[in-house]
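Copied over from Swiss-Prot, here are the features:
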BINDING   G14, G15, S16, G17, S18, G19, K20, T21  ATP binding site
Amino acid sequence: MTGHVRPFVIGVAGGSGSGKTTVTRRVIETVGGNGVSVLNQDNYYRDQSDIPFNARLNTNYDHPAAFDWPLLRSHLDALLSGVPIDMPEYDFTQHTRSAQASTVLPGAVVVLEGFFALYDEELRERMHLKVFVDADADVRFIRRLLRDTQERGRTPESVIQQYLEYVRPMHLSFVEPTKRYADVIIPHGGMNEPALDMLSARIRTTI
């Protein structure tokens with residue numbers, strides 16, 4: 001595209017319930033809503049419509065293999081080229097991709113938010129700023145418990161079982177190690193106002 005300026009890409013990673021969405025909101029406030037495109041990695045779980053529902057119940061959402069990495073990369077590349085995308089929507093009650101999609105317009109800043117945002121090397125190479133949101137494990141668990149029971153139709157028992165069997169071991173194996181790729185680490189999660197202020201200042205000076 002003639003005269004197109006490639007967007008500034010920010011990766012926001014961290015454990016489930018660490019406060020990534022709060023950090024993303026701060027980025028939007030800093031840049032201005034119309035200037036930010038947000039790719040939520042939760043929407044890029046693989047389509048499982050060809051798998052029986054009972055089998056989908058055993059999906060390990062906390063393993064890298066659960067994601068549609070080629071689609072995520074292609075959508076990020078489209079936004080970097082100034083092309084709108086139709087971001088899929090994931091239905092966690094049905095454990096598969098919804099028939100709905102949301103149009104995401106290219107902005108001056110693109111935020112990739114997700115606990116595996118810094119996992120994929122090809123995605124990291126496209127990022128100008130990599131952020132890891134750190135928070136205590138008990139805080140992250142409580143936030144996840146509230147979210148999954150209130151927003152995703154889960155029972156407390158199923159959330160606890162999933163945390164013990166999948167979330168905690170997968171976090172230690174795959175998410176926590178990506179902290180070493182971060183340019184900025186925000187301790188104490190998304191409620192750390194001084195750290196969020198520093199992140200905002202850094203963004204203002206680099207875009």
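Even glycines carry a Cβ here, placed using N, Cα and C.
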- Message: Using other CB atoms within 10 angstroms as the count, which residue among the binding-site residues S16, S18, T21 scores least?
- Response: T21
- Task: Tell me whether G19 (ATP binding site) sits in a helix, a strand or coil according to DSSP.
- Result: coil
- Can you check which residues sit near G17 (ATP binding site), meaning Cβ under 8 Å from its Cβ, same chain, 6 or more apart in sequence, and list them in order? A135, V139, R140, F141, I142, R143, R144, R147
